[in-house]
């Protein structure tokens with residue numbers, strides 16, 4: 001990719017800033033917006049990659065190093081997929097995927113490769129804690145120091161499905177079917193089912209039951225009754241079967257320079273790769289045994305020997321395949337997965353110091369915490385579509401239940417659930433979908449190959465999972481291309 005790594009920023013169509021009485025401003029400034037290549041339509045590529053998220057960027061970089069001629073087609077006007085860093089009011093805001101950790105192997109390798117650094121999110125270690133309980137009618141102010149031992153004990157009880165903290169169910173967290181027979185036993189269980197199983201331990205501590213509801217709902221961003229318990233155990237195993245380590249790995253550290261800096265570094269490390277932005281595709285045709293034809297929304301046709309499809313699971317149904325995909329894969333695609341909820345940031349008029357808050361379903365904000373030293377920025381998460389984050393008054397009302405006296409200067413965010421190119425936030429499977437759907441989604445139909453953070457084995461739903469999936473699919477594509485070259489000699 002013949003572009004230069006720089007700090008130039010442009011406005012993407014994604015995201016918004018709401019200034020209250022001064023109105024809503026659509027589109028955000030981000031370095032993830034980059035120029036498209038001048039692509040010759042009749043060029044025959046070795047690989048066409050659909051999607052310029054981290055899966056697509058990883059695949060493009062690695063294939064280009066193997067001297068493959070690669071085209072990336074991206075529907076958005078930027079790279080990064082479900083991640084991008086916005087620069088507003090002299091502050092970096094992560095609109096999508098944010099948190100990284102040195103035990104996430106693929107993303108840490110890339111952070112090291114490009115000389116990036118990490119910074120701590122301040123509020124996740126705050127001691128001052130607000131709990132909104134009794135269906136939103138009672139606000140309890142407490143100390144995380146007092147609450148943490150109870151939360152850890154409750155999480156241990158919740159995860160201890162087998163007497164050894166889930167180790168027999170998920171002994172190898174990067175191999176989801178490492179204990180396949182045991183997985184089959186628990187896959188149909190929802191997170192609510194498991195909470196109901198241990199509900200008697202909360203008979204004398206109703207508050208802790210509600211806190212557990214809020215904490216678990218935050219992870220899946222979906223009703224616990226619709227969230228698969230196996231996906232919780234996967235997170236738990238990746239977190240070394242321990243609450244504080246899980247918390248550190250999923251929500252404590254972020255890239256100082258911004259997620260988009262990593263995406264741009266990977267793009268600039270590509271060779272002989274062309275990038276076409278603002279180009280949604282409508283169909284993929286593989287009726288010709290020797291190539292795949294991609295048809296875009298504006299009627300352009302592009303051909304390649306292979307195609308890697310990296311778009312989110314919840315949007316795959318928007319593409320028409322000729323001939324149709326296998327019936328089982330089409331069923332899985334139509335079934336989709338949990339859509340997740342909302343993520344947003346607010347800038348306060350006055351600082352509040354380090355703070356964190358929880359509220360169980362059906363409160364519109366499940367978790368929120370400060371994200372800077374002074375406590376003027378709050379990152380909030382909501383379940384499903386209970387909160388319209390573009391509605392200034394609705395966000396203010398919901399946040400004021402946790403922090404009654406605050407005044408909001410502006411709200412900044414992106415509605416991933418309504419985004420036609422994502423259909424939700426991070427990946428989380430419903431009960432029964434791991435054993436019935438995951439392997440089917442990972443199965444390739446050469447010359448079509450499928451890869452996504454939604455179908456990764458390890459840190460599924462994280463940037464690390466996207467990189468894992470991109471790296472894995474390159475091996476399969478290379479094997480196919482090399483085999484085809486041998487046959488044609």
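From the backbone N, Cα and C atoms, a Cβ is placed for every residue, glycine too.
Model, not experiment: these values are computed from the prediction.
According to TrEMBL, the features are:
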DOMAIN    54-477  domain 'Amine oxidase'
BINDING   55, 74, 75  FAD binding site
BINDING   381  substrate binding site
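Restricting the average to the domain 'Amine oxidase' (54-477) gives a pLDDT of 96. The two recorded residues, residue 75 (FAD binding site) and residue 381 (substrate binding site), have Cα atoms 26 Å apart. Straight-line distance linking the Cα atoms of residue 381 (substrate binding site) and residue 55 (FAD binding site), rounded to a whole number, equals 25 Å. Compute the center of the Cβ atoms of 55, 74, 75, which mark the site for FAD; besides them, the chain residues with Cβ within 8 Å of that center are 49, 50, 51, 52, 53, 56, 72, 73, 76, 79, 81, 310, 311, 421. Taking all protein chains in view, 21 other C-beta atoms sit within 10 angstroms of the C-beta of the residue listed as 'substrate binding site'. The Cβ of residue 55 (FAD binding site) has 33 neighbouring Cβ atoms from other residues within 10 Å, across all protein chains displayed. Counted over every protein chain shown, other Cβ atoms within 10 Å are most numerous around 74 among the binding-site residues 74, 75.
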